[in-house]
């Protein structure tokens, strides 16, 4: 690959590696700062000493790449350095509530119980502080949204992130930390007082979106169709139902709802098309450039400046400037410059799933699509048009496949059909939708415009729903860990490098990468075969225990959970991550022999007096004399699962502390593992 020979490519790679190391090792800020200054000094000395020795450039190259790595490490560390006035230094995970002043930055998709917002903290109990926080406001009827820019006083509980409560569960706390959000606040709506409105850019963008949505609602838009329109045109997915999102996922069209390069590219093409009549002189080109850049960033701003749209707008901006300067913009350079610039401003974007998928898909499109297009060159334009759609889709899916499997463990088999049917009409829907949005920004939309747009959106949703209904083509629960993903990417890269220009050396390299990937599969299987563990899960109001030996899982659970055990998300995540299958599902028994004797005390409170239990598991709040039970059973460990009353759990914990018996409250500390 020619791109790897460019210095900018290597600089970007080392910069990204520095950010990744910062994320995993969390180095000291001042140590990193000192190392950056040292690396910079060595780089300058290497340049000065070797600038005339044309045959000895290697030391300078090495020092430059080391400096790039250290700058990446420093950039991440500086963004995550918690200053003395950060609100997390003024609070702790106490049950007591506190008073804090916030400014709402962004509204997120609500969950079943709460409206959610990202906000900036200004003070805590009257003490000035700073930092981002996720605010959860209990839902109320009628629903009231708090728009961006609103300053509020709130009285509630601030809680720092907890680790995952079940094995192999998505680490939501780490996900928020990568966005510089270090805690969550839980507030009741009656404990919020609006004190002011900060009319900043976020406020005006949110107000503009709200005005458009209100005017479309006046046109009697169906709720779900309106939600898809706002996602497609305005980049807001808060109101889309889970069923609609699932349909788009199963059809392989979720990228349509996430405003990204596809949408930005359409805007750039549309603006250039509208300005075709401008003269090709310097003045006309300047007007065209200003119009394109203004449109791209205005759209990005209105859509909420998500990582994917910032990346796309940055890259297309570089392309527009290159076209204005009448230089042949090498597209990989454009991609690298946009990546480097974005990560220097916000290194956290690197850990955003959408950002990763956008970049990897775009890279593979730029790399593989020209190769695929040479495999067959139809003469008819209409056939060539659809063939181009197929080649673009194929390249994007090949690039995104390992990453998608790693994060989502499923693959939509009908993505080709979806893209062939949807993409040709998507540009028309977007252009017409933008036209209707212009009307909606000023007032009520004429019925013939709103009804025709709603018809197009309904047709889009029905088409997606029909494709998604063929669930037999959706491959689910595919296990893939980080090591396997990395080796799979190595194999894919070497495979196509060999396919584009075959040679013996490339064939050997590709074969070795395939063997390495197969080796990771064998290694994971070997690791699983020697594993023998018991997990007590955190399952709300129910009890769930698993015994895993190798890749076989025996499940013990309450009768109410047995019927739906294969739909249990916590168990599915554990099973897929450990390359395992459920061998047997049994109703919970009072006495379990799983390498250790486990006595399960249920709501009946009955227990035998002639046994000794290694582990005592308290479930469903039994009314018993706990001290007498401990004397009879003499357990080495006591566990209280999440089906117990909180007050009972606290009493049992206090009793165990007196008798110096290890106690684990699953509702508070998460799952418990016995090996």
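Even glycines carry a Cβ here, placed using N, Cα and C.
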Here TrEMBL annotates transmembrane segment, and of 167-190, 191-214, 215-238, 287-310 the range meant is 287-310
* Would you confirm whether the transmembrane segment (7-25) and the transmembrane segment (478-500) meet the contact rule of 3 or more C-beta pairs below 8 angstroms, pairs 6 or more apart in sequence? => no
Comparing 62-82, 250-275, 420-442 for Cβ pairs under 8 Å with the transmembrane segment (330-350), the winner is 62-82
Within the same chain, the residues 6 or more beyond the ends of the transmembrane segment (420-442) and with Cβ under 8 Å of it are 208, 211-212, 215-216, 229, 232-234, 253, 256, 262-263, 266, 270, 385-386, 389-390, 393, 449-450, 452-453, 456-457, 460, 463-464, 467
